[in-house]
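*Asks:* According to TrEMBL:
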DOMAIN    27-296  domain 'Anoctamin dimerisation'
DOMAIN    299-877  domain 'Anoctamin transmembrane'
TRANSMEM  310-336  transmembrane segment
TRANSMEM  387-403  transmembrane segment
TRANSMEM  468-494  transmembrane segment
TRANSMEM  514-542  transmembrane segment
TRANSMEM  563-580  transmembrane segment
TRANSMEM  684-707  transmembrane segment
TRANSMEM  735-759  transmembrane segment
TRANSMEM  838-863  transmembrane segment
REGION    910-968  region 'Disordered'
COMPBIAS  917-928  compositional bias 'Low complexity'
COMPBIAS  936-946  compositional bias 'Low complexity'
Amino acid sequence: MLQTSDNKIHVANNMMDMDQDPRKRLCFADGRRKVDYVLVYHYRKRSSVRGSPSQHRLSIISNGSYPLGVEEKDQEGRKDEPAEVVVDVGPPDPADGEKIMIREEFEGNLKDAGLEIEHDKENKAHGHAFIRLHAPWQVLSREAEFLKIKVPTKKSYELREEKGLAATMNEVWRKLNQPFQPKVPHQEQEHSRTKFLSHCFSRDKLHLYNIKSKDTFFDNATRSRIVYEILRRTACTRTCQTMGITTLIANGVYDSAFPLHDGDFHPSGQAEGKNDRQLLHDEWARYGAFYKYQPVDLIRKYFGEKIGLYFAWLGVYTQLLIPASVVGIIVFFYGWATVETNIPSQEMCDEDQNFTMCPLCDRACDYWHLSTACGTARASHLFDNPATVFFAIFMSLWAAMFLEHWKRRQISLNYSWDLTGMEEEEEHPRPKYETILLQKRQRKKKNTKNKNETGHEKLTWRDRLPGYLINISSILFMFGVTCSAVFSVIIYRITISALMAMSSDPEVKSNVRVTVTATAVIINLVVILILDEIYGMVAAWLTELEIPKTETNFEERLILKAFLLKFMNAYAPIFYVAFFKGRFAGRPGDYVYVFNDYRMEECAPGGCLIELCIQLSIIMLGKQLIQNNVFEIGIPKLKKLCRTLKDKERAPKEIVEQPGRRQQWHLDYDLEPFDGLTPEYMEMIIQFGFVSLFVASFPLAPLFALLNNVIEIRLDAKKFVTELRRPDAIRAKDIGIWYNILSGLGKFSVIINAFVISFTSDFIPRLVYQYMYSETGTMHGFINHTLSYFNVSNFKPGTVPSISSLGKDITFCRYKDYREPPWSTEPYQFSKQYWSVLAARLGFVILFQNLVITMSMLVAWVIPDVPKNISEKLKKEKTLLVDVFLNEEKEKLQLIQSLFSRDLTQEQQEELKVSDQTSLPLQQTQPGQLPPTSSPAPRTRPRAASFSQFTRQMSMSPRSDITQHTAV
């Protein structure tokens, strides 16, 4: 309690001794009431003259933590008490004084809502003050009923036990999986054959629930969620806005608000004595536990359903990457095993063929033999072989199976987490929306003559139109920036290739293509990483301009913008290599030039597929290694260091504290605040694109994604358990808009892989040659068939090689294209073979798309969304719940009838004593039957009695302990 005199405030010391039970560190000073939520604000004090009429007073609330008689002590006793501090308070400016009064009003409203509050002492010139909140049982039960939180009841039933071969197989599978299961006590209940029915919490049905202790009936995540709901809807009129804590944090009244972690995460003994945070750290958030399954149920219990669904989805995705990786490895080794027997590669490496190729650049480049590109041809066969087509079809079906499997897994989790039938919760407006809406109301109030007119204004499309226009123009501009970055790298490749070709060093000349490709991909990677960070901030800024009303709308719009920008940024260089490189370079004698000096680059002799593979592999591995791992580890630590240095600058003399006196709320405040799951989902979605979109060019992509995700799961787990504040437990039935993005990528991957196989690889030209132009029906002569002739006399002046080491008797050179020879009537025009190959390519695209999409639809149709056992359990539980409530109502009706019968029987006996008239004997009245209505009743009783009243009376009476309920 507080005592103010002479403008001084007596503040109670709420610090606790660290030698006590660690569980009491999460409680109020009395050691009994849990801290369910913490509010933090920054205060600043200065000395002031006593008795100043302009001085503000800070009222600090304490709900029974200290004796009531403290304020009656005299001044001398107050000085001798070490647990109390006397401070002079004076706000440094009117803004701080306004914040103080807003906090007083807000905290008073929280007390009116039933929350109990405990404050920190403020014994420094300035610093952070912590407000601890506790929700008593009355508040928890009331809010749980409002929020329709499902809790287990006493009623249970036995699950059907499998028999025969299925039971044997399940038992064998369970034993094989035993070493991979995390040692979590909560998971032992999953293997129990007893299932407890769940029902929405109701204060009228407390007898249905197994309430052993009111303090532990609701877990910590549920308690913090209930308190957060109260904080969100509590109004504060001084802000001129409707809702509470989010608006107050946005306006700087409070710095932050967060629930507490369950103590320290370091191990403290046996598994039975560990808190949930320690269990998560030991069995989930360690790299040594990489081979174990995730304790998804414990993750959901600790962090809430939304985060639990993310890690469940990530686990399903990682598991299904295992078969994709195995098939990809088989495809790769098939190419490695058949490279020696591949006829086109042998022809390219055969020096006796003596294919003299046209120069790769003007003047400085010489003619060259095709056999010098033998290594490129052999490497290209590793990824460009018939098995690649099979793998592309397999991965398209894999994407469909992944989505169907996740839907089934999601339904199972909804059932086990009691999310079936969950209604959409009403969301509160965002602070930015409320601020702009308030400004609109104020403008409208100034313009209207009737000052008392009040309306329910809302923001219309006219209010959002400027934001929409800026969004469209900014996104188009960002697309232009991405394309400009890609074009700049193209210019770099062209110029460096020309400069290295002019070198007199033969070793430099021989490594032109490898050097240019590797350095260009690294530059692309650096540009992608830089633009990714910029686009993330730009997407958030553009979303704010749209003024979304709720957090869900804000999150969905932010995800769409960030995905569009980052998708374009990550895949633009890959799209260029796959579909544009070498297609606009022209032909010898008629090349396309950039800036009138540099020729457009062409594909390697083995095709563009090998370059696409190099581009995809380096960008994918670089993003995963640098962005997903190094950034995730380094950036939070840098932010924490900056925040620590900033706090030291604020109070350099008072920052020194005793480490033993730091409480859990101090430790949690030092952690990084949780910013949402969007970055986590985004990096996995971009990776899914690498795995599915261009997998025909890089069969090892699923393997590298699998290795990355094994590390990513433990990295994210460590971040959530040890480096982030505990997030608010948010209920969610699905992963939201991310599923739609995954589904869209899966369908888009079918089209991309069809075009990669048709236009980027040589699969279709080989088929056309073998079945249309080969005289023997084999691949012999394929290389010669794909090379056209060019008469060197047709070179433009100044483009002929200045020095030729192959001699001056070269009349014709070869280049890769389907064109008429110079001796034909239409020299250098597209030949009939070109049009045949083009028709075959387009036909393959149509056939591949329809085949794969039909098979994907068949897979989706064959696999039901809801598992059969889950649908049966839902039907059975619904029937059992109906029976339970029908039996309960039947018992209540019998109880009411017996009460009425007993009262009326007593009234009849009293009437017989005072009346001389004869009446029917009491023996003729059957039990439970109402007496004749001819006898007047001296008092009336309401027949429409509330069942809940009887339930409360029975639960309070001694008979409630022996009340029989229907067992299920």
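Backbone N, Cα and C atoms are what each Cβ position is placed from, and that goes for glycine too.
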*Asks:* Mind checking which residues of the chain, 6+ beyond the ends of the transmembrane segment (310-336), have their Cβ under 8 Å from one of its Cβ atoms?
*Replies:* 293-294, 296, 299, 381-385, 387-388, 390-391, 394-395, 398, 401-402, 405-406, 409-410, 413, 677, 680-681, 684, 688, 691, 695, 699-703, 705-706, 709-710, 712-713, 716-717, 735
*Asks:* Which stretch, 387-403, 684-707, 735-759, 838-863, tops the Cβ pairs under 8 Å count with the transmembrane segment (563-580)?
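*Replies:* Per the Cβ count, the answer is 684-707.
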*Asks:* Can you say which of 387-403, 514-542, 684-707, 735-759, 838-863 has the most Cβ pairs under 8 Å with the transmembrane segment (468-494)?
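*Replies:* Selected stretch: 514-542, with the most Cβ pairs under 8 Å.
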*Asks:* When you look at the transmembrane segment (684-707) alongside the transmembrane segment (838-863), do they share 3+ Cβ pairs under 8 Å, ignoring any pair fewer than 6 residues apart in sequence?
*Replies:* no
*Asks:* List, by number or range, the same-chain residues at least 6 past the transmembrane segment (684-707) whose CB is under 8 A from its CB atoms?
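*Replies:* Distant Cβ neighbours of the transmembrane segment (684-707) are 314, 317-318, 321-322, 324-325, 327-329, 331-332, 383, 388-389, 391-392, 395-396, 399, 563, 566-567, 570-571, 574, 578, 609, 612-613, 616-617, 619-621, 623-624, 738, 741-742, 745-746, 748-749, 752-753, 756-757, 760-761.
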*Asks:* At a C-beta cut-off of under 8 Å, are there same-chain residues at least 6 beyond the transmembrane segment (735-759) that contact it? List them, or none.
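*Replies:* Contacts with the transmembrane segment (735-759): 309-310, 313, 388-389, 392, 395-396, 399-400, 402-403, 406, 410, 555-556, 559-560, 563, 578-579, 609, 612, 681, 685, 688-689, 692-697, 841-842, 844-845, 848-849, 852-853, 856.
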